[in-house]
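Reading through the structure tokens given below for one structure.
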Amino acid sequence: MLARSALFVHSAELAANAARAASGAAAAQPKKTGNRIKTFEIYRFNPEAPGAKPTIQKFDVDLDQCGTMILDALIKIKNEVDPTLTFRRSCREGICGSCAMNIGGENTLACICKIDADTSKSTKIYPLPHMFVVKDLVPDMNLFYAQYASIQPWIQKKTPLTLGEKQMHQSVAERDRLDGLYECILCACCSTSCPSYWWNADKYLGPAVLMQAYRWVIDSRDDYAQERLHRMHDSFSAFKCHTIMNCTKTCPKHLNPAKAIGEIKSLLTGFKSKPAAEPSAF
């Protein structure tokens with residue numbers, strides 16, 4: 001009985017030591033000795049760990065051995081220090097919007113955000129604010145994408161069309177109206193910087209989705225502008241925007257969601273109307 005108890009205690013000690021070693025493995029890293037060592041404070045959260053709570057973990061990166069962008073540092077940390085660090089990324093060119101996160105207090109894309117070369121200050125990296133976190137720097141985008149789907153982002157016609165029978169032409173002026181709208185990459189930087197979206201995401205569509213809604217409302221080839229506007233004619237969908245302008249300030253593509261929302265409000269209140277489609281010259 002005593003031997004069995006001793007064996008149990010010894011096994012428990014081994015398990016505890018193993019747990020401590022595992023928890024410290026991610027934090028352990030070689031001491032950097034270069035001249036340009038930059039500290040990154042990164043949000044960590046693993047929902048699969050029992051009783052998991054968010055923490056901030058520090059990583060030191062030698063900038064002389066790293067690329068110039070935040071995403072370069074994250075990839076270096078994941079490849080060389082902690083393979084459990086989780087984040088989204090794809091194009092590395094500011095096109096796909098996958099690597100959107102909060103860097104130094106501002107929402108932006110990690111692939112086009114340059115590392116602050118001032119090594120006396122650390123750089124703080126968090127997931128996009130006010131969204132559920134899947135793991136580490138990966139936010140849950142399900143609600144955002146569902147809202148995007150709700151605006152039916154495709155051309156809708158009231159006249160029957162046979163694919164390939166004819167083209168839907170636009171004049172130069174009609175096409176110009178889409179500039180500054182279609183370039184949105186749906187990264188959600190603007191929506192997650194908006195206080196109205198923080199507190200009313202279940203009802204307020206948010207800057208990114210509203211800008212895309214306006215893009216389809218104003219498209220001269222679309223015949224369902226009134227129906228699209230009708231779906232937004234309530235107290236929350238568009239009018240919850242209080243023109244704080246965070247969305248326009250933070251957009252990594254330098255678009256102006258606030259202006260698009262203002263145009264939607266003008267259409268909803270009757271101050272403006274959608275221009276009639278120009279007769280085709282083709």
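Glycine residues also receive a Cβ, built from the backbone N, Cα and C atoms like all the rest.
The domain '2Fe-2S ferredoxin-type' feature in Swiss-Prot is assigned to 43-131; the stated evidence is sequence analysis.
When other Cβ atoms within 10 Å of the Cβ of Cys91 ([2Fe-2S] cluster binding site) are tallied across all protein chains shown, the result is 13. Under the heading [2Fe-2S] cluster binding site, Swiss-Prot lists Cys91, Cys96, Cys99, Cys111, citing similarity to another entry as support.
The feature domain '4Fe-4S ferredoxin-type' is assigned by Swiss-Prot to 174-204, with sequence analysis given as support. Restricting the average to the domain '4Fe-4S ferredoxin-type' (174-204) gives a pLDDT of 96.
Look at Swiss-Prot and you will find Cys184, Cys187, Cys190, Cys251 tagged as [4Fe-4S] cluster binding site, backed by similarity to another entry. Look at Cys190 ([4Fe-4S] cluster binding site): DSSP puts it in coil. Cβ environment of Cys190 ([4Fe-4S] cluster binding site): Asn107, Gly206, Pro207, Ala208, Met211, Asn246, Cys247, Thr248, Thr250, Cys251, Pro257 lie under 8 Å away, each six or more residues apart in the same chain.
For Cys194 ([3Fe-4S] cluster binding site), applying a Cβ distance below 8 Å and a minimum sequence separation of six or more within one chain yields Gly206, Pro207, Cys241, Ile244, Asn246, Cys247. Sequence annotations record features per position, and here Swiss-Prot assigns [3Fe-4S] cluster binding site to Cys194, Cys241, Cys247.
All protein chains shown were included, and the count of other CB atoms within 10 Å of the CB of Trp199 (ubiquinone binding site) stands at 12. According to DSSP, Trp199 (ubiquinone binding site) sits within a helical segment. Sequence annotations record features per position, and here Swiss-Prot assigns ubiquinone binding site to Trp199 based on similarity to another entry.
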Completion exercise
Counting other CB atoms within 10 Å of each candidate's CB, the least crowded of the binding-site residues Cys184, Cys187, Cys241, Cys247 is Cys184
Fill in the blank from the handout: argmin Cα dist to Cys99 ([2Fe-2S] cluster binding site) over the binding-site residues Cys184, Cys187, Trp199 returns Cys187
Fill in the blank from the handout: Rounded Cα distance in angstrom between Cys111 ([2Fe-2S] cluster binding site) and Cys187 ([4Fe-4S] cluster binding site) is 12
Practice task
Can you figure out which of Cys91, Cys96, Trp199 (the binding-site residues) comes closest in space to Cys187 ([4Fe-4S] cluster binding site), comparing Cα atoms?
Solution key: Cys96
Handout entry: Listed in sequence order, residues with CB under 8 A of Cys96 ([2Fe-2S] cluster binding site) and six or more positions away
Key = Ser90, Ile185
